């Protein structure tokens with residue numbers, strides 16, 4: 001019961017995080033719309049082509065300013081993420097998560113209040129974005145740590161693939177909610193999501209259970225604590241019960257004095273970096289997240305400019321990319337569970353994603369049916385590896401065998417991987433803002449190059465997985481040969 005409650009609550013928490021991030025991409029096209037479609041300028045001034053735009057986004061450099069807004073949030077998020085995981089291991093996760101959500105709701109609403117307060121100063125919006133980026137770093141390490149505390153490694157890819165659909169669900173809901181007011185009162189496109197995330201934060205504060213032990217449940221298999229025992233210093237305690245190296249139960253030593261288990265210390269930043277695979281997956285996520293977040297922040301504007309849709313229609317159509325992301329995350333988790341190859345699954349999806357991005361840019365607008373199909377496929381291929389790395393891979397590495405059961409590393413490892421990925425998330429929208437004036441083709445070439453680099457950075461881990469499969473097959477063949485020889489000898 002509590003496992004299900006934890007899964008649902010953390011799902012709702014991170015859904016609301018992404019729900020509050022999405023409105024900026026929907027509102028961009030309204031901050032600098034095509035004023036000529038609205039009729040003559042009622043103010044009769046010289047600025048006839050941008051009279052309906054929101055100052056300061058009414059100039060020819062509006063794309064660069066949008067890129068600055070995105071970058072303010074994402075750079076703050078990337079910097080804060082490396083620190084957030086350290087705090088997350090040392091503070092109560094429930095307080096840390098709910099407090100961050102309430103503050104995130106406040107800053108999201110403050111951006112929208114700029115509409116009602118008639119604010120036209122760029123620095124106001126940038127400062128609000130920076131503050132929001134910092135407080136939103138409380139989310140990811142906290143929810144992954146909570147889920148990791150409750151679930152072991154069995155079918156982790158599939159469970160977390162389904163659970164990770166909160167990212168896409170949040171993007172979809174954020175797009176639809178922001179789209180309701182984008183053409184009339186765009187301030188409400190931020191205020192309403194801000195209220196929602198703050199309300200979910202309050203619910204999280206009252207109902208989230210951080211650890212199974214808090215309600216008398218057994219922890220998952222990877223939570224193994226080293227005990228201090230003078231007579232048997234090699235004894236360990238697991239969720240199966242205390243077991244010694246010889247396999248004897250502690251009930252056989254009932255006369256021995258019992259001492260409390262030592263609480264493992266939180267792992268250091270550099271200690272987490274030494275875990276095998278952390279660096280490779282972190283750098284891969286940097287480029288994978290670059291692609292994903294460029295779509296997150298720029299896809300609606302791209303559809304408006306290329307397909308000439310309205311702001312609301314473009315926002316609704318962009319949600320199909322996130323629908324594909326839901327499917328991609330589930331398939332990536334299912335395949336990686338079946339094959340045991342997290343890196344290989346990511347690499348294959350990234351290889352296929354590169355040509356699909358090229359095709360979407362060149363033929364994706366040749367009809368609404370083609371656009372829908374290709375958006376879903378691109379979303380699945382782009383977000384599948386991103387979802388797998390940030391969930392199942394992070395949880396696997398955070399409970400790696402080299403940690404000897406110290407589950408307190410999970411939050412730090414998650415923060416390092418997602419923090420490195422957030423650097424790419426900051427670079428992608430920034431580069432899109434700088435490159436898009438030269439043509440959208442160049443933006444897609446940049447995204448394809450990032451996909452290829454993400455794939456190459458996993459090459460060493462993929463080779464290791466393939467060698468493991470080959471070794472396993474060789475051992476199975478050897479066992480079959482030995483069995484056959486034994487049977488023949490018996491005859």
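The backbone N, Cα and C atoms fix where each Cβ goes, glycine too.
Among the residue ranges 188-209, 210-231, the one that TrEMBL annotates as transmembrane segment is 188-209. TrEMBL assigns the feature transmembrane segment to one of the listed ranges (36-64, 123-151), namely 123-151.
Residues 97, 101, 104-105, 108, 132, 136, 139-140, 142-143, 146-147, 150-151, 163, 166-171, 173-174, 177, 193-194, 196-197, 200-201, 203-204, 207-209, 212, 215, 217 of the same chain lie 6 or more positions beyond the ends of the signal peptide (1-20) yet place their CB under 8 Å from a CB of it.
In summary, the transmembrane segment (343-360) does not lie against the transmembrane segment (188-209): fewer than three C-beta pairs, each 6 or more positions apart in sequence, are under 8 Å. Only sequence-distant pairs (6 or more apart) were considered; of these, fewer than three Cβ pairs between the transmembrane segment (278-299) and the transmembrane segment (123-151) are under 8 A, so the stretches are not in contact.
Residues 277, 280-281, 283-288, 290-291, 294, 298, 302, 341, 343-344, 346-347, 350-351, 353-354, 357-358, 360-361, 382, 385, 424, 428, 431-432, 435-436 of the same chain lie 6+ residues outside the transmembrane segment (443-463) yet bring a C-beta within less than 8 angstroms of a C-beta in it. Counting same-chain residues at least six beyond the ends of the transmembrane segment (319-336), those with a Cβ under 8 angstroms from any Cβ of the stretch are 156-162, 164-165, 167-169, 171-172, 175-176, 292, 295, 299, 342, 345-346, 349, 372, 375-385, 387-388, 391-392. Segment contact holds for the transmembrane segment (95-117) and the transmembrane segment (188-209), given three or more CB pairs below 8 angstroms at sequence separation of 6 or more.
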